[in-house]
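Engineer: Please read through the structure below; I'll follow up with questions.
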Amino acid sequence: MAELSFYVGVIGNVISVLVFLSPVETFWRIVKRRSTEQYECLPYICTLMSSSLWTYYGIVTPGEYLVSTVNGFGALAETIYVLIFLFFVPKPRFLKTIILVLALNILFPVIAIAGTRTAFGDAKTRSNSMGFICATLNIIMYGSPLSAIKTVVTTKSVKYMPFWLSFFLFVNGAIWGVYALLVHDVFLLVPNGMGFFLGIMQLLIYAFYRNAKPVVKDVEEALAPSQPLLS
């Protein structure tokens with residue numbers, strides 16, 4: 001069983017790497033157009049926060065080196081995405097985005113790590129408390145692509161819904177859910193099980209609107225404020 005869990009964990013690492021690389025196409029488009037347009041930064045901010053704390057969890061928890069290695073890579077990749085987003089985000093959205101980054105990617109992880117180290121002297125209790133925090137954040141990460149649903153429903157277009165991110169999050173949830181069952185880690189099982197079902201929901205929404213006729217020629221028209229008529 002231990003050998004099987006190792007191989008499933010390795011497969012999970014490969015899938016997780018694909019999750020972290022799936023936004024490359026989106027950010028290549030952002031760089032080429034020199035604008036984030038109507039893309040949401042929340043999925044990448046949440047994934048950076050989650051992968052950073054999972055890296056710490058893997059380091060302080062014996063036998064969880066597969067968790068720490070892949071999430072360390074993920075934290076690096078997501079940091080690059082968030083920095084690119086900040087560089088090209090339109091000025092009206094910059095302040096909101098930078099506040100989210102400071103709060104979720106710097107302040108919260110520092111408080112979580114310092115808080116658990118201060119409050120719990122026992123290493124196992126400290127690991128369990130961090131596992132609980134990471135499990136909660138993982139659920140948020142899996143659901144973060146749903147932040148684009150308002151745009152999808154309003155415009156009947158999946159232009160700004162990252163398909164590959166949703167797809168690989170779905171597969172990732174399935175693989176890590178199996179791994180969690182094999183190693184009896186409830187902190188991995190609960191969020192990845194929910195991630196599996198959230199991934200199904202996102203893919204169903206994508207499939208429903210993929211061939212729908214957009215209500216406007218371009219998404220930005222639907223999201224732009226109405227202009228007053230000139231008299």
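Every residue, even glycine, has its Cβ placed from backbone N, Cα and C.
Taken from TrEMBL, the feature transmembrane segment applies to 6-29, 41-59, 65-89, 98-117, 129-149, 161-182, 188-209.
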Engineer: Sequence-remote contacts (6 or more beyond its ends) of the transmembrane segment (41-59), Cβ cut-off under 8 Å?
Structural biologist: 20, 23, 65-69, 71-72, 74-75, 78-79, 81-82, 85, 89, 97, 100-101, 104-105, 108-109, 112-113, 127, 130-131, 133-134, 137-138, 140-141, 144-145, 147, 162, 165, 187
Engineer: Below 8 angstroms Cβ to Cβ, which residues of this chain, lying six or more residues outside the transmembrane segment (161-182), approach it?
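Structural biologist: Long-range Cβ neighbours of the transmembrane segment (161-182): 1, 4-5, 8-9, 11-12, 15-16, 18-19, 22-23, 25-26, 39, 43, 141-142, 145, 148-149, 151-152, 188-189, 192-200, 202-203, 205-206, 209.
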